[in-house]
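Remarks on the structure that follows.
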Amino acid sequence: MMEILRGSPALSAFRINKLLARFQAANLQVHNIYAEYVHFADLNAPLNDSEQAQLTRLLQYGPALSSHTPAGKLLLVTPRPGTISPWSSKATDIAHNCGLQQVDRLERGVAYYIEASTLTAEQWRQVAAELHDRMMETVFSSLTDAEKLFIHHQPAPVSSVDLLGEGRQALIDANLRLGLALAEDEIDYLQEAFTKLGRNPNDIELYMFAQANSEHCRHKIFNADWIIDGKPQPKSLFKMIKNTFETTPDYVLSAYKDNAAVMEGSAVGRYFADHNTGRYDFHQEPAHILMKVETHNHPTAISPWPGAATGSGGEIRDEGATGRGAKPKAGLVGFSVSNLRIPGFEQPWEEDFGKPERIVTALDIMTEGPLGGAAFNNEFGRPALTGYFRTYEEKVNSHNGEELRGYHKPIMLAGGIGNIRADHVQKGEIVVGAKLIVLGGPAMNIGLGGGAASSMASGQSDADLDFASVQRDNPEMERRCQEVIDRCWQLGDANPILFIHDVGAGGLSNAMPELVSDGGRGGKFELRDILSDEPGMSPLEIWCNESQERYVLAVAADQLPLFDELCKRERAPYAVIGDATEEQHLSLHDNHFDNQPIDLPLDVLLGKTPKMTRDVQTLKAKGDALNRADITIADAVKRVLHLPTVAEKTFLVTIGDRTVTGMVARDQMVGPWQVPVADCAVTTASLDSYYGEAMSIGERAPVALLDFAASARLAVGEALTNIAATQIGDIKRIKLSANWMAAAGHPGEDAGLYDAVKAVGEELCPQLGLTIPVGKDSMSMKTRWQEGNEQREMTSPLSLVISAFARVEDVRHTLTPQLSTEDNALLLIDLGKGHNALGATALAQVYRQLGDKPADVRDVAQLKGFYDAMQALVAARKLLAWHDRSDGGLLVTLAEMAFAGHCGVQVDIAALGDDHLAALFNEELGGVIQVRAEDRDAVEALLAQYGLADCVHYLGQALAGDRFVITANDQTVFSESRTTLRVWWAETTWQMQRLRDNPQCADQEHEAKANDTDPGLNVKLSFDINEDIAAPYIATGARPKVAVLREQGVNSHVEMAAAFHRAGFDAIDVHMSDLLGGRIGLGNFHALVACGGFSYGDVLGAGEGWAKSILFNHRVRDEFETFFHRPQTLALGVCNGCQMMSNLRELIPGSELWPRFVRNHSDRFEARFSLVEVTQSPSLLLQGMVGSQMPIAVSHGEGRVEVRDDAHLAALESKGLVALRYVDNFGKVTETYPANPNGSPNGITAVTTENGRVTIMMPHPERVFRTVANSWHPENWGEDSPWMRIFRNARKQLG
């Protein structure tokens, strides 16, 4: 039976206004919209009155917006029938944890009530199209239609293909019907294989074969034989990549054979809890570094949010499934798309060439895609710390004559680093009889055919198949699975995981054969043991769907009880679906129909399928010299600063958590003005050391339109000039991931790909001592469509994205582009050696040209000399700032350095030649260093020692003030105020934020950037930062116990435990399942801390589901109430823990006036480094800190203080319960965005109880208790930041 429960309004006023504006723009006469959430409960039994009241209260959440009786035509938007939304999965979990077992499933829709003039049926269809994502949602016309969400179908049987009766044609028909993308020789192979077996193939077997052997999974082009211009080539593409490892195997522990590559890391203290006692401690051991970079281009073109989200999620699983289990740590994200054409902000180089109906626009991709990628990383608990963003779409004269080149099929890049134990780097042995397990969520009828679909050019496959290949994301589920993997690897030798793979393209049909085959075994499986939420699925759909957040594992039978215990504690679902067999054979039984959908020798599935041969021709690009007749430097500056590739990326950065883990030493945001210009990302290797890891990206795809090999060399060079900003040492410590995107089969591209791979794999990397142990290829970068009577194609440039990874010697020595105004000198290191080529530059692009000659690596020895010189200078602390030269050239390099330093620049470019335009806008490799004036001679001498004497040019200096002046022999070439340039550079991000977020907030942030008097972040302390007030208590040897409390989805518990540990506590890991199961009670603890993250993925309100699972469970409720009423206890709630505790007011004495914390005013997740002031309050944790102003990490989507009315706010203030407030850089309490990131009244961001024993706050002191983890800090801070005082206060209070 289905019950319908009304919810709160679903859209804020500005969202409704945006919708109305969209309708008006489309000539749809809609006058008013009201939207509210509607909940649908699928019940297996009636609820009694108290259960009904409980369910009603459970579904009351979010901001208190006024509901009213709706008027107008109803359009009900729900998830597509036959799918289960992530919201549903998590809300149902909460209901069950609150004891409501009669609820089989909760689902949520949005009821839109539309008041409009008379609209035609077609116009109503247009209105409905604006309100839902057709890939994931459907529109009903009545609330009762939602019953279709809960229809349970009978299981469908397997179907076979009559190969023996109909011959080869049966396979050809199945190939088209199922979208298998099989080549002719593969059809021949299958015909021969099944004829030999003497039986017809089942659809599931063909589908499994197609996925396992798709270009996406098998990389046929990279393993192919090559004939170019009639000459057979000696090596495959993959062999040339492997040449880099053969030449430089140094420091590589695993390459080419696992889900990620592994290199040597540093010996540090890895911090985690003991399995038996729950006590956190440091474990001194090597933390080896794993690295992986994936792409998820096809799904992102179809449905950007889930496409980008599952792209990030799949890459995170690759990291976790490395060796015998590993720990993902920090991520990177990248996007290449066609022109944005922002409405009202269209640029002169942006022409609309049309697009296929089934893919979305570049603007849609960059509005939704980055949010999806960021949301997954945020909710999983992985900081995203670097990335790139390129737009390109133009009609150009390239290798193949005049044609359209651009990114209608986008690049969505997702990558990152993690850590792994030395003894877990290699997979174990799968013993015969080992249990074969699927860890993670249930099978759902989604993502079917992703591997085969992404192997086709967009437009080749059927729209319904595109539709079927889109996946959905549930990062909180993946977090639970990762917690299980963490518990396993933390057991060391007792790790129950023998072998692990992630489930990606092709679902279990790819993952399980890969698992047993890689382990030298076969597998015997039972289909109906696979967890499934949709009983009507066919065997093919159960086995081959791409439901996300799943892993496949082999666990020895005697270790199963331990594995079961770990999964139950973390609430991570799993199923034993088979056993490993001696014989390398795959069998899948179906208990329901008592038949065998799969019965195949593994070598038929994964054996010697036909090898591809590429017989291709070379085409040379002629290019036309740049026409400079209408180009002035002043106009060029403004255009280039508006090009999204160059322009400010704040809209892509602040949506992503950059502080979770407490181990982020360098994020994108630089300096007191938090300008997103960092060259590389840096993390600490642990919470107790200064060793670390670095990541950078290099990418120069448009150059491939003129010179394939130069483009590839530049990508490597740029990654190197970016990562050189930190202290790495030997260049052989740097390892690269190469991600290759090409339109294979397009004239000239295949030979160009071969040239590019050869340039990097056979020449440049071996010469530099660089290794490429990991990478990926995407070979179908083309879209086709019909535009009127014309057939059109948009082909991407050959695109190599290089990600560089390295171990860092000392993270404190990392340079940024932030200029200093002390007596200084700016030096250009020009690795282009005066070539100053303008082909395929940002300058050329903004004038709709390509040019002829591009930049290139001019001298490999000098590039190596540059890196070595930088390392010597970084280690000697001789440099004040560094920024590489890339998109936009020297002018942009200097401008971004000035923005970061909030200062002026005075440089003279006479030494760079007479062609000032080329000097300022060429994109040759190199960069600008800033040195103290007194060190200039010594630095230049050192650079000369490394063979760079002819590359170094003194430019001028950074000065206090606002002028940005470029001269040549004292004649002004360009002069402008830095603030004006800063505003131009920011306009793209402003416009994107206005479109996507609350426009009022976007306007306030843009306005703040125009304020030249802004002093930036600053610190005012009322206490001695170096005093350890906990030292006398630590000296007693007593270590009070703090319960580090987490719920499923919480992700900030480890750094919280470390902060309390440093202050003299024994930090104990306590999961809510421990309390609910009665395994642990709070009676033994002196302190309790509820940690940050996304409990239940913030479903049913941030922290509210967690709170209600306490309030609605009598025993646990009593446990918390007793703790809060006990004298001599302390409690802290941070972020999600703050939101949760604010909902426990009825249990906490003196908290009656506490507010609720609801959706940010910007309507967006905000990750900021914000200035706060400690106010006078009873809080015991903030004693002695009153009046201090200091920056702190902020990462939340629901942090805005909500009070009932003005009287409530006045009472909260008059009782003195406000503990922290946001202040602006002038030290004034503020409600202005982004200084106040959530719009809380009076800047309130922390409150306490009347006795001061319980304090809750939205910002994260635990993420910045180490100075090195602060995005910016004064030079004189030592190991501990001022926020360490909170934890030491806690230790002092407990005596």
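Even glycines carry a Cβ here, placed using N, Cα and C.
Among the features that Swiss-Prot reports, active site, nucleophile is placed at Cys1135, with the record citing sequence analysis. In the structure as shown, the Cβ atom of Cys1135 (active site, nucleophile) sits within 10 Å of 32 other Cβ atoms.
According to its DSSP assignment, His1260 (active site) is in a strand. Cβ neighbour count for His1260 (active site) (all protein chains, 10 Å cutoff from its Cβ): 26. Under the heading active site, Swiss-Prot lists His1260 (among others).
The active site feature in Swiss-Prot is assigned to Glu1262 (among others); the stated evidence is sequence analysis. Annotation for Glu1262 (active site): same-chain Cβ neighbours under 8 Å, separated by at least 6 residues, are Gly662, Ser1052, Glu1055, Met1056, Ala1058, Ala1059, Cys1091, Gly1092, Val1134, Trp1283, Phe1287.
Other Cβ atoms within 10 Å of the Cβ of Gly307 (ATP binding site), summed over all protein chains shown, number 28. Annotation source Swiss-Prot lists ATP binding site at 307-318, 386-388, Ala678, Ser886.
According to Swiss-Prot, the feature Mg(2+) binding site maps to Asp679, Glu718, Asn722, Asp884, an assignment based on experimental evidence. Glu718 (Mg(2+) binding site) counts 26 other C-beta atoms within 10 Å of its own C-beta, drawing on all protein chains shown. Look at Glu718 (Mg(2+) binding site): DSSP puts it in a helix.
The annotation domain 'Glutamine amidotransferase type-1' is assigned in Swiss-Prot to 1042-1295.
Per Swiss-Prot, region 'Disordered' is recorded for 305-327.
Residue counts of the region 'Disordered' (305-327) by helix, strand and coil are 16 helix, 1 strand, 6 coil (DSSP-based). Neighbour density around each Cβ, counted as other Cβ atoms within 10 Å, peaks among the binding-site residues Asp679, Asp884 at Asp679.
Its Cβ placed at the centre, Ala678 (ATP binding site) has 27 other Cβ atoms within 10 Å. Counting every protein chain shown, 33 other Cβ atoms lie within 10 Å of the Cβ of Thr310 (ATP binding site).
Taking only the Cα positions, the spacing between Glu718 (Mg(2+) binding site) and Cys1135 (active site, nucleophile) is 38 angstrom. For Ile316 (ATP binding site), the count of additional Cβ atoms within 10 Å of its Cβ stands at 30 [all protein chains shown]. Of all Cβ atoms in the protein chains displayed, 26 besides its own lie within 10 Å of the Cβ of Asn722 (Mg(2+) binding site). Compute the center of the Cβ atoms of Asp679, Glu718, Asn722, Asp884, which mark the site for Mg(2+); besides them, the chain residues with Cβ within 8 Å of that center are Cys680, Ser696, Gly698, Ala719, Leu720, Thr721, Ile723, Ala724, Ala725, His883, Ser886, Gly927. If you take the Cα of Gly313 (ATP binding site) and the Cα of His1260 (active site), they are about 24 angstrom apart, rounded to a whole number. Cα separation, Thr310 (ATP binding site) to Cys1135 (active site, nucleophile), rounded: 25 Å. Candidate recorded positions: Ile316, Thr386, Cys1135, His1260. Nearest to Asn722 (Mg(2+) binding site) by Cα distance: Thr386.
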